[in-house]
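Note sheet for the following structure.
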């Protein structure tokens, strides 16, 4: 039973801004949760409530979200059974907040950051009440098998561009994906060895300054285009000895360089007043992706087009979707209504699952199940602004999605998730298996 939800503003996430953390006091003890924060956010995401008071944290404070927990949510939680996850989530989202857009519940009154912190803490309390691990409890909530469980392939973001880096590179993330490993533990070893090899290659080619790391632990050397980044990755994978065992994934984050008036994409968007020679139409971008997939071992492309460019998403999925995972992040924002539209338009074939995009554990599970029911892949994801909370590590095992991206094997807030997955793999023993190259298949 819930006794008293306590909360604190002053924990920082990884970019040095405050975020919401909750301590949920129950008859079983105290259960804590902290929420992450994105940088390149989709316009259809549930609202992350910030104070916009420029005198505190340059407007990034979360006092209003904290106040909403204290004055609106907390009084309604006292005495409730923490095992009633769906009932409590729906109460917060639909009754206490109640804000809505054409895409569903928007959390614009209380803030998705306020609601999600409580939702995560309640989930942890529910697991304790059921005397089980968090990953098995969430699996039960989702109606999944808890006897044999799946460890995910890590998608390690090792080269940064786009809005995450100060270089010229337009595409936001280049990831290494160790699909050829026999276990999660070995996959992380493959990934770490490629990462350190890449660091040496970057240092030789671009200088020691180029090995500074970005928000997610990846490198941001002065790379000019995707070909250069991919050549560097292929060379590092080969030098580390993992050719054919480690593949490549990209997050383009194309909404960041889309011009809605001209319906074009500027691959030189970080150069002010550029000569427009790298401006592409949607079709030209489709052709570029097809060319890259033919030349490099790319198995997944996330956000290849703007969040409203349904037409070109569908073209690309039709062209290469059989062999390559086309992932919707800004396109879908973990929103079941957006997923339904994408299914109707055959726009993509995979969901990027970010719990803070939708704002409650119940809705995140719903988005995952809808995607899996329609034979999509699902990649569980961190945000670029993270805390040491490891909830998503348990979530990816619970939902059997077979793939997770939570940064490079660098920076403690990233490695915290990978370390939790090491622990889960160890605890499962023979009852856990590694997704490997079957990460796109239904592992239910």
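Including glycine, each Cβ sits where the backbone N, Cα and C put it.
When 6, 345, 373 are compared in Swiss-Prot, the N6-acetyllysine annotation sits on 373. Of the residues 136, 238, 295, 315, Swiss-Prot records the annotation ubiquitin cross-link for 136. Take the Mg(2+) 2 site that Swiss-Prot assigns to 251, 329: the candidate from 284, 302, 363 listed for it is 302. Matching 144, 199, 280, 405 to the substrate binding residues that Swiss-Prot gives (164, 173, 302, 329, 381, 382, 383, 384) identifies 405. Between the listed residues 137, 289, Swiss-Prot assigns phosphotyrosine to 137, with no corresponding entry for the rest in that record.
Swiss-Prot assigns the feature motif 'DKSLVK motif' to one of the listed ranges (269-274, 275-280, 305-310), namely 275-280. Residue 405 (substrate binding site) sits 24 Å from residue 337 (phosphothreonine), taking the C-alpha atoms as the reference points. Residues 164, 173, 302, 329, 381, 382, 383, 384, 405, recorded as binding substrate, reach a greatest CA to CA spacing of 16 Å. When secondary structure is read from DSSP and collapsed to three states, residue 164 (substrate binding site) falls in the helix class. Least packed by the Cβ count within 10 Å, out of the recorded positions 164, 354, 373, is 373. Cα distances from residue 302 (substrate binding site) to the recorded positions 137, 216, 337, 373 are smallest for 216.
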